[in-house]
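For reference, TrEMBL has these:
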type	residues	note
DOMAIN	15-420	domain 'Major facilitator superfamily (MFS) profile'
REGION	460-490	region 'Disordered'
TRANSMEM	12-33	transmembrane segment
TRANSMEM	53-72	transmembrane segment
TRANSMEM	84-103	transmembrane segment
TRANSMEM	109-131	transmembrane segment
TRANSMEM	143-166	transmembrane segment
TRANSMEM	178-196	transmembrane segment
TRANSMEM	233-254	transmembrane segment
TRANSMEM	270-290	transmembrane segment
TRANSMEM	302-320	transmembrane segment
TRANSMEM	332-355	transmembrane segment
TRANSMEM	367-390	transmembrane segment
TRANSMEM	396-416	transmembrane segment
Amino acid sequence: MALTAPWKWQGYVWACLWSSLVTMLFGLDTGIIGPITAMPAFTSRFGNFSPTIHGLIVACHLLPGGIIAAFAGGLSDYFGRETLVAAGALVHAAGMLIWGFSVNLAMVVVARVICGMGLGLFMSNVSVYIVEVSPPRGRGVRAAMAQLLLTLGLVIGFFMCYGLVAGLAPESEWTWRTPPYVVAGLGVVLGGAVWTQPPSPRWLSIRGRVDEARRTFRGFRLAFSGPYRGRSIFACFVLTVQQFSGIDGVLFYAPKLFESAGFAEAETSFLASGISAICIMVSTIPATLLADHWGRRTATMWGGVAIAVEMLLMAALYFAGQGDAGGGRWVVIVMIYLFAVTYSVTWAVCMRIGVSESLPTGTRSSAMALAQSCNWLGNFTIALVTPILLSASVGGTYLFFSICTMLGSAVMYVYMIETKGTQLERIDELYVSRKAERRTEVQNARGLAEKTRLRLTPLSLRDNNNTNEGRAMSEYVTPPMMAGERDSAA
């Protein structure tokens, strides 16, 4: 239903803000993990590890996050969107606290797994909550605010680590223990604040109409039932392709990427990584303000082309042996920053908003949870294999990201529709009418092909074909007569 009066949209502005602030936890988590695993005090405590172990430490929170995210939508139908967001923030805080107290690598992995469970709970529900409580006018800005605050957390995380390494003794364990403690404290504050926010009016409108004991699993079945299957699968595809652009490979392993480009000292690579985070945050500001002025589909298409070209250029420089020396090194550095800006302005903001808007109200939470789960699993894959790919071929890594982006953009060009400034209920009608139009186009194309075939077939062949078809049908329908029957007929 279209929500106008008596719902007071202004009363949900603070709810959107607090929910968006929770995404800072994801940005902080992403911003600190790469620098921490490269800190001398961290490697001194836990030892030097192979690229595979490095990828496992960085990515181990993403797999449980993806699993939890798959069920978070159904759980939010039962408990409420804001309740799941608050619970996720508190679970993430508990994981960060354990990480700060870790004395061996097993504790670090367990802490990261708990952090991932918390992230899975709130990341798939923040965008759904904001979309459902916002009117069409200004909905894009409010939804994009979450991405802006996520990038703010990314900047804070990078520069927190840089400041600790630069200001404390390199061998001090406080360099890597302090960031988890800070994130844990912030998680407790934000979780408590979100817990007090009002529920989504659309959630209230559907609550009680279904058997809530089966809501979680029924939502999954409904999301992949006939009328909704295509949109649910496409949502999962879009949020998976988003990760295969290479963004989290850059964010998680920024110090290693800049080291590959010639920055050998840890402090210098941390500073370069922090600058990339600033580029992401600054570019997200105009993207947030303009989210309701440019199309989701248009921004996604142009962003895909630009990202693919940037990755391809870096791959070419490394294959030519110019990626880590001379002027080529600086081109690579500029391309990394330009990629971060391009992604932040286009894919980071528009894709998630477009996916949330395109899903039907009845299946939005479940389908978005499944799409977010696919996003997490894609994130896990990229975080796990990026250090392995970098150790094998830096140029090959960038080429892989470029090809994935090109293929994903081609699919989205065919299937993505524009949802900017449209009522959520009207978007459902657009998808239904588009499906009917596609069906009509297919039928018309088949009819045209048959007419063309008949027009190009000579009349003599057409008559022979008709005669042969009639003879064949007659022989098939009329059974052969037995010998006695032929004699009697004669």
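Yeah, the Cβs are placed from backbone N, Cα and C, and that goes for glycine too.
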Confidence summary (mean pLDDT) of the domain 'Major facilitator superfamily (MFS) profile' (15-420): 84
Contact between the transmembrane segment (84-103) and the transmembrane segment (143-166) (at least 3 Cβ pairs under 8 Å, separation 6+): no
Most Cβ pairs under 8 Å with the transmembrane segment (270-290), selected from 12-33, 143-166, 233-254, 302-320: 143-166
Range from 12-33, 53-72, 109-131, 233-254, 302-320 with most C-beta pairs under 8 A to the transmembrane segment (367-390): 53-72
Within-chain partners of the transmembrane segment (178-196) [C-beta distance under 8 Å, separation at least 6 from its ends]: 18-19, 21-22, 24-25, 28-29, 32, 36, 82-83, 85-90, 92-94, 96-97, 99-100, 111, 118, 157, 160-161, 164
Leading stretch by Cβ pairs under 8 Å, where the reference is the transmembrane segment (53-72) and the options are 12-33, 109-131, 233-254, 302-320, 396-416: 109-131
The transmembrane segment (233-254) versus listed stretches 109-131, 302-320, 332-355: most Cβ pairs under 8 Å: 332-355
Candidates 12-33, 109-131, 396-416; stretch with most C-beta pairs under 8 Å toward the transmembrane segment (302-320): 396-416
Seg_contact(the transmembrane segment (12-33), the transmembrane segment (143-166)) with at least 3 CB pairs under 8 angstroms, min sep 6: yes
Cβ contacts under 8 Å made by the transmembrane segment (109-131) with residues that lie 6+ beyond its boundaries: 15-16, 19-20, 22-23, 25-26, 29, 56-57, 60-69, 72-73, 75-76, 81-82, 84-99, 102, 139, 142-143, 145-146, 180, 187, 200, 352-353, 356-357, 364-365, 368-369, 371-373, 376, 424
Residues of the parent chain within Cβ reach of the transmembrane segment (143-166), under 8 Å, 6 or more residues beyond its termini: 16-17, 19-21, 23-32, 35-36, 39, 126-127, 130-131, 134, 174-176, 178-179, 182-183, 251, 254, 266-267, 270-271, 273-274, 276-278, 280-281, 284-285, 287-288, 291, 344, 348-349, 352-353, 356
